[in-house]
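One structure is given here, and the rest of the page talks about it.
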Amino acid sequence: MNLHSLLNTSCRKTMLPPSVSLVIHLTLSSISLLTVFSNLLVITSICHFKRLHSPTNILLLSLAVSDCLVGFLISFQIVLIDGCWYFGDIMCAIYLILDYIITTASIGTMVLISIDRYVAICHPLHYSGKVTTERAKMCVSLFWMCSILYHCVLLRDNLQHPGRYNSCSGECVVFLDYIGGVFDLLSSFICPFTVIIILYVRVFVVVVSQARAMQSHVAVVSLQGSVKVTVRKSEMKAAVTLGVVVVVFLMCTCPYFCVSLIAEDARAMQSHIAAVSVSVSAKKSEIKAAVTLGVVVVVFLICTCPYFCVALLADDAGVSASSVPVLLFYFNSTLNPLIYALFYPWFRKSVKLILTLQILKTGSSNTNVV
């Protein structure tokens, strides 16, 4: 980001047609309300019902918290539609740093989910012993604390001197020097995404081999008596589930990183996670796992190649280009609970109990929603 001389002028407002401005305001307001409400349902479900206190759901809880916070941040993004910030330099710095913290915590949770699925699929005998609810809580808490500490140190100049890098009164920007920007890019984007893809490629290989083994076993048993065989069904479902999570995460967040590098604004935005539950047969499981992980790799390459090309070829780009990627980023936080509702039966049951106020009854926390 180029440093400009501080000018004694007000920010230049973006003049939009009234109809366009109204549509944008209504869209972002709707996304904000839906994001907060739907993720509060996820948070309430996992916190209230004891049967949902599993390691994987603890990770989903962390993502729901970050998604809910994103919903609150959207209200500030609405204010920035016309290009001006009205809440002062201190609030601007806090808003932008919270944005960074939430993003990094979400990406860290994505890494934890990848590790969780890797251990469950590739080392199933060690899963129950190594991956526990308490350890999941500890890891999530550690990632959030590290994210807060990391960005408070990285962006300390913005906290100590709020508004220092504004080019005009009413502007809201965050400054990172070149070294800090590169380090943040590596630690918040390239390295985590590399780990996620490597782990999921390994999961993909194991899932495919298991699916083939299941298919062969089913064929043999069917000749002897047509016996139905289910081998580690829940683990196979989880593998496909979190594969879809990564696809949605990459599709919604990668465009933002591409555009943010063009504008030389080293901001990292959140993303988030989704879950899918499918009926597993040997052949169907193999195809779904192959397609899911194939999409993960392809989408990652499509989104990151322009990132590096632009970094080499372009020096600057219009800020307006970031509007669509930012909107896509925010919408990802709205999508996650909707995907849970589509593919997780326990979430649908929980929402029904919450909306009908049955969770207020004594002993409702022990209800079996799984």
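Numbers run from 1 along the shown chain.
Yeah, the Cβs are placed from backbone N, Cα and C, and that goes for glycine too.
Because the structure is a prediction, the values reported are computed rather than measured.
Listed in TrEMBL:
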DOMAIN    38-340  domain 'G-protein coupled receptors family 1 profile'
TRANSMEM  20-46  transmembrane segment
TRANSMEM  58-81  transmembrane segment
TRANSMEM  93-115  transmembrane segment
TRANSMEM  185-208  transmembrane segment
TRANSMEM  238-263  transmembrane segment
TRANSMEM  289-314  transmembrane segment
TRANSMEM  326-347  transmembrane segment
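A Cβ distance under 8 Å defines the sequence-distant neighbours of the transmembrane segment (20-46), meaning residues of its chain 6+ beyond its ends; these are 52-53, 57-58, 60-61, 64-65, 67-68, 70-72, 74-75, 77-78, 81-82, 327, 330-331, 333-334, 336-338, 340, 346-347, 350-351, 354, 359, 369.
Beyond its flanks by at least six residues, the transmembrane segment (58-81) meets 14, 16, 21, 24-25, 28-29, 31-36, 39-40, 42-43, 46-47, 87, 95, 98-99, 102, 105-106, 109-110, 112-113, 116, 133, 136-137, 140, 143-144, 172, 270, 272-273, 275, 326, 330, 333-334, 336-337, 340 of its own chain at Cβ-Cβ distances under 8 Å. Averaged over the domain 'G-protein coupled receptors family 1 profile' (38-340), the predicted model reaches a pLDDT of 70.
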